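One structure below.
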Amino acid sequence: MDAITILRLSYHGASTAVLLTYLTPPLRDRFLSYGARSSTTPVSSAERENQSLESKKNTPSKNILTTLLDALQGWQVPHDWFWTFYALSVTLSAFWAGEALLLRGPLYELMRDRAGPMATNMTFEQVKVTWIMMLVQGGRRLYESLVYVEWEEFGTDKKMSMMWGGHWVMGMAFYMATSVAFWIEGIPAIENHKPTYGDFIFQAPTFRTIFAVLLFMLASGFQHDCHSYLAYLKRQPAVDPSPPSANTRSSTSPNKASSSSTPAVHTQCDTTYKLPTHPAFQPLISPHYTAEVVIYLALAIQSAPPGRLVNGTMANALVFVVVNLGVTADGTREWYERKFGPQAVEGKSRMLPGIW
């Protein structure tokens, strides 16, 4: 089996695993929640007591399978470890640039010899531009994951924002695979190209490159704004999300917390996580996930061999991004509805406008 087929099947396998986990309640409840939505997030004593009573009421005696699943669920890592995904992405982008484009090293030769036959392939200019786009994406996300964090809690479980270790392993595997997927269909062009100083000069862009890069830039900027807002939101005092009373309704916008709103008594969790009111979050539950989908769509378009709409290998990566983030967005919707009430999600799509 050639390397391109292995990469594509890997993305399909990961997407299928996520969907099966989502559709199987015992697996979904244990493994799909993380960060603010995780059961390890701090709750009030009353909520903890209610959860304990419900657990005792609804949970039968454990069998071997349940015990095993519970043990697997116990493998938790700090949610802040997301930074390692992007550090790996940047590192591998730099590594493969040297290994494949400059040195034609042994690992590149291994990929080349196992890539399999290709009816059409990327141009070298496509390879170069896609490489830069991937490096920019990884670099920006690494910057955000390191800047938008409370450093006294970084890499610890002090704020109890955790994720299942399987999430972390799958994320690392995804970025390892994608560090090869975006250029592997350009191997013939790499083989026929001799590195020169002229490689630092870009040729006149094609319509495909103009469209893909513009789409990439717009989605990246939009996602950065969403992440900046969410980081800002966590640092602000919480406001009761319930509708304002009669004496304050006239002075309070339905989409913006007013200083005259009556603060609620919140637990530690309530002072950390609040309902977003930014315009981007009005039609969508997770607009930053929408942006991520568009970013990978732009990468798939830019890396498409001549005569194709998208790059087949990157299209499979895009499918995984849609499935993984779509499932996560559904969990976010359920969490918002539980925490802030049905009105918080009414009329909103999870991630894809009008679709999901």
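Every residue, even glycine, has its Cβ placed from backbone N, Cα and C.
These features come from TrEMBL:
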type: COMPBIAS; residues: 46-57; note: compositional bias 'Basic and acidic residues'
type: COMPBIAS; residues: 250-264; note: compositional bias 'Low complexity'
type: DOMAIN; residues: 267-356; note: domain '3-oxo-5-alpha-steroid 4-dehydrogenase C-terminal'
type: TRANSMEM; residues: 81-103; note: transmembrane segment
type: TRANSMEM; residues: 168-188; note: transmembrane segment
type: TRANSMEM; residues: 200-219; note: transmembrane segment
Problem set entry | Tally of DSSP helical, extended and coil residues in the domain '3-oxo-5-alpha-steroid 4-dehydrogenase C-terminal' (267-356) | 51 helix, 2 strand, 37 coil
For this session: Note the mean pLDDT of the domain '3-oxo-5-alpha-steroid 4-dehydrogenase C-terminal' (267-356), expressed as a whole number.
Result: 90
Exercise. By Cβ distance under 8 Å, which residues at least 6 away from the ends of the transmembrane segment (81-103) in the same chain are close to it?
Worked result: 111, 127, 131, 134-135, 137-139, 141-142, 145-146, 149, 155, 163, 168, 171-172, 174-176, 178-180, 183, 190, 195, 199
